[in-house]
Each structure stands twice: as structure tokens, then as C-alpha cells.
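S.K.: Supplied in C-alpha cells, the structure appears directly below.
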Amino acid sequence: NLKNIDAVSSRTIYKVVTVLQQPFVIKTVDDTGYENFTGYCIDLLNGISQIAGFEYEIYVAPDNSFGTMDEKGKWGGLIKELMDKKADIGLTSLSITAEREIVVEFTVPYYDLVGMSILMKRHNPKTSHFKFLTAMEGDVWLCVLVTYVFASFLLWMFDRLSPRTLVSHSTQELQLLNQESLSLKDCLWFCMTSLTPQGGESGPRNLPGYITLGTWWLFGFIIISSYTANLAAFLTVSRMDTQIQSLSDLAKQSGIRYAPINGSSGMTYFERMADIEQRFHDKWLNLTFREELSDRERAMFAVWEYPISSKYTRLWKAMKEAGLPSTQEEAVERVLASKSSTDGFAYIGWRRIWQTTFGHCFAKELTH
């Protein structure tokens with residue numbers, strides 16, 4: 001419309017307020033202190049200014065926030081700058097909500113949002129060629145090794161020192177009997193093979209050796225049984241290790257802390273859902289615990305479990321305890337600082353802001 005373009009062109013300079021958020025608006029400062037703004041929104045504004053023939057001055061909103069409405073109905077951040085007419089244009093990736101549409105006007109959406117998703121550290125399963133050793137602790141393996149060496153040493157000592165051993169015989173007698181005394185190497189090999197289905201070869205020939213060998217067999221049976229059970233349980237648990245795929249999965253665990261950006265529409269969504277649940281809870285209490293109810297009416301309202309979900313109430317409480325990040329950069333840094341996919345922080349924000357997302361998007365009703 002040429003008339004609209006002429007009206008816009010009559011004003012040579014516009015005040016533009018923005019919120020820094022990659023990749024939409026990025027601010028860099030050179031050595032001279034000059035602030036340079038780049039990003040998708042800046043390119044879009046430059047294109048419009050060239051067509052309409054106007055110039056602009058841009059600055060960052062106070063606290064770099066989009067603006068939310070408090071309990072008294074007052075706005076802050078970018079929305080407040082527009083309402084107070086300190087700025088003519090608000091330029092950022094601002095979500096269109098019912099409250100914001102009442103106080104400011106929006107252009108046609110230039111970016112197609114499809115809801116919110118969860119950003120968290122990628123699950124990297126540990127792989128090792130010695131994974132079979134993790135079925136028992138390192139201290140247990142050390143005790144098994146020490147016991148193995150000690151049992152082999154006892155067999156060797158008993159074979160050499162027992163009065164009934166063949167060591168006391170002459171070499172000629174040993175050759176006639178076609179038998180040899182057990183060396184330490186033979187005892188080590190015998191204790192090793194006695195734990196396998198193959199079995200051992202020549203064993204001890206004295207009572208102390210028999211007692212030691214029986215004790216070793218019993219010990220080996222217990223260790224092998226325990227190892228087999230632990231290995232089976234370990235492999236089963238590894239296959240059952242499911243990752244977080246939805247908001248419900250996130251609410252059921254306690255290792256990952258999660259939150260949206262403070263002052264964002266995502267925060268408003270969870271805060272409002274928790275408030276709605278609380279309102280339903282209060283109405284349910286007023287309905288079921290009224291003093292004027294008769295016994296029959298009170299019995300009709302009797303239930304085993306609370307009939308109204310408190311999912312978002314618990315979510316909002318956990319978010320406030322985790323601490324809401326001030327900016328998207330802070331949220332991403334907290335995600336990257338997580339120890340693993342089960343211990344750290346998860347950022348709940350608009351989908352497609354990042355390249356890799358986890359789970360399915362939700363809260364689609366927030367976008368239009």
C-alpha cells in the first residue's frame with residue numbers, strides 16, 4: 001500500500017527495542033565500543049527499512065526480557081517499553097499470547113512455532129570391552145584374586161610338608177609310582193581349572209589339602225553363582241534404562257532439574273496451568289467439605305484418590321526450586337554443564353530454537 005509506505009517514510013528515525021536471542025538478534029561490541037546487531041530479525045528489519053525508506057535506532061530492553069504481566073496487571077521488559085511509547089517497534093522472537101495482543105499489536109508471524117520441547121544432554125551409553133567385569137565391584141575382584149592365590153599356596157605347602165606326601169620318597173620310588181609332587185604352578189592351574197566344567201587334573205594327596213580344596217570349591221561355587229546373577233540383572237537393567245521422552249517422564253524423575261526462561265511465555269504457561277489446577281482444587285474442597293452437606297451427599301463425594309490432576313502444580317514447584325534461567329544462553333550453558341542425561345538440567349523452550357531436540361513437542365495451543 002503506497003499510502004502506508006508514505007506514512008512510514010514521513011518519520012525518518014524509529015526507536016526499536018529488542019531482546020537478545022540467538023539466532024534472531026545477536027549483539028557484538030568491537031574494540032572501539034561500537035555495538036553491532038546482527039541476526040535474522042536484524043536482516044528482516046534492514047530489508048523493510050530499505051523498502052519503506054526509514055532509519056532506526058536500536059537498543060536492548062531492560063533486563064533483556066520479553067515482558068510479563070505481574071499480579072497488579074503491570075508489564076515489564078520489551079512490552080513495557082512499547083506501552084510507555086519509549087520505543088516505536090519491538091523486534092524479537094516474541095510469542096503471540098492473548099494478554100500481549102491486548103496491549104500491543106503484532107505483525108503476521110514470520111516464524112512458524114510448533115510448541116515447546118525439552119532440551120537436555122544427549123544420552124551417550126558407555127561401551128567397553130570389559131563390561132562383563134562391572135557385574136562386581138573392583139574390591140570384590142581383588143578379594144577373589146587374593147583368595148585364589150592363597151588357596152593355591154596352601155595346597156602347595158600342604159603337599160610339600162605333609163608326612164603322607166610323596167616328596168619324602170626317593171626319586172627312584174617316585175619314578176616307580178609314576179607320580180610327581182605338586183609345584184606352585186600346578187596348584188595355581190588346578191585351582192583355576194577346578195572352577196570350570198573341564199575340571200582339574202592331579203589334586204592334593206593329603207587331608208589338609210582335601211579340606212583346603214573343598215573350601216575353595218565352595219567359595220568358587222558361591223562366587224560364580226553371585227556373578228551370574230549380578231551379570232544377568234545388570235544387563236537387564238541396562239536394557240530397561242529408558243530415556244526421557246515427554247513432559248510426564250520429566251515430572252516422574254528427580255535427577256534432572258528443569259525450567260523455562262524467566263519471563264517467557266513458557267513460564268507463563270506452566271504458572272497458569274498450576275494456578276488453574278489450584279483453583280480446581282479449592283473448588284473441590286469447598287464442594288466436598290461443606291458443613292451443610294448431608295451424610296448422603298457427603299458419601300456421594302467420597303473418593304479413594306484426589307480426582308483432579310496436580311501434575312502442573314508439581315512441575316511449577318520443581319521449576320521454581322531449580323531456578324529459572326534469565327536468558328536462553330544461560331539455559332543452554334546449564335544444559336551443557338550437566339554431568340549426564342540423568343543428572344543435570346533440562347531447558348523447556350520453543351521448538352526449533354535449537355537444532356537437536358528430545359521428545360515430542362507440547363503446549364501447541366500457545367502458538368497461532
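Including glycine, each Cβ sits where the backbone N, Cα and C put it.
Automatic, uncurated: that is what TrEMBL annotation is.
Okay, these came from TrEMBL:
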- Ser95, Arg100, Ser265: L-glutamate binding site (BINDING)
- 13-357: domain 'Ionotropic glutamate receptor C-terminal' (DOMAIN)
- 23-84: domain 'Ionotropic glutamate receptor L-glutamate and glycine-binding' (DOMAIN)
- Ile244: site 'Crucial to convey clamshell closure to channel opening' (SITE)
- 140-158: transmembrane segment (TRANSMEM)
- 216-237: transmembrane segment (TRANSMEM)
S.K.: Rounding to the nearest whole angstrom, report the longest C-alpha distance spanning Ser95, Arg100, Ser265, listed for L-glutamate.
M.R.: 10
S.K.: Using Ile244 (site 'Crucial to convey clamshell closure to channel opening') as the reference point, find which of the binding-site residues Ser95, Arg100, Ser265 has the shortest Cα-to-Cα distance to it.
M.R.: Ser265
S.K.: DSSP on Ser265 (L-glutamate binding site), three-state: which is it?
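M.R.: Reduced to three states, the DSSP call for Ser265 (L-glutamate binding site) is helix.
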S.K.: Of all the binding-site residues given, Ser95, Ser265, which residue's CB has the most CB neighbours within 10 A?
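M.R.: Its Cβ has the most other Cβ atoms within 10 Å: Ser265.
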S.K.: Taking the Cβ of Arg100 (L-glutamate binding site) as reference, which residues of that chain separated by at least 6 in sequence fall under 8 Å from it?
M.R.: Gly67, Ile79, Leu94, Phe106
S.K.: Near Ile244 (site 'Crucial to convey clamshell closure to channel opening'), how many other Cβ atoms are within 10 Å of its Cβ?
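M.R.: Ile244 (site 'Crucial to convey clamshell closure to channel opening') is surrounded by 22 other Cβ atoms within 10 Å.
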S.K.: Can you see whether DSSP assigns Ser95 (L-glutamate binding site) to helix, strand or coil?
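M.R.: Reduced to three states, the DSSP call for Ser95 (L-glutamate binding site) is coil.
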S.K.: I'm checking region-level scores; what's the whole-number mean pLDDT for the domain 'Ionotropic glutamate receptor C-terminal' (13-357)?
M.R.: 81
S.K.: DSSP on the domain 'Ionotropic glutamate receptor L-glutamate and glycine-binding' (23-84): how many residues come out helix, how many strand, how many coil?
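M.R.: Computed counts for the domain 'Ionotropic glutamate receptor L-glutamate and glycine-binding' (23-84) are 23 helix, 17 strand, 22 coil.
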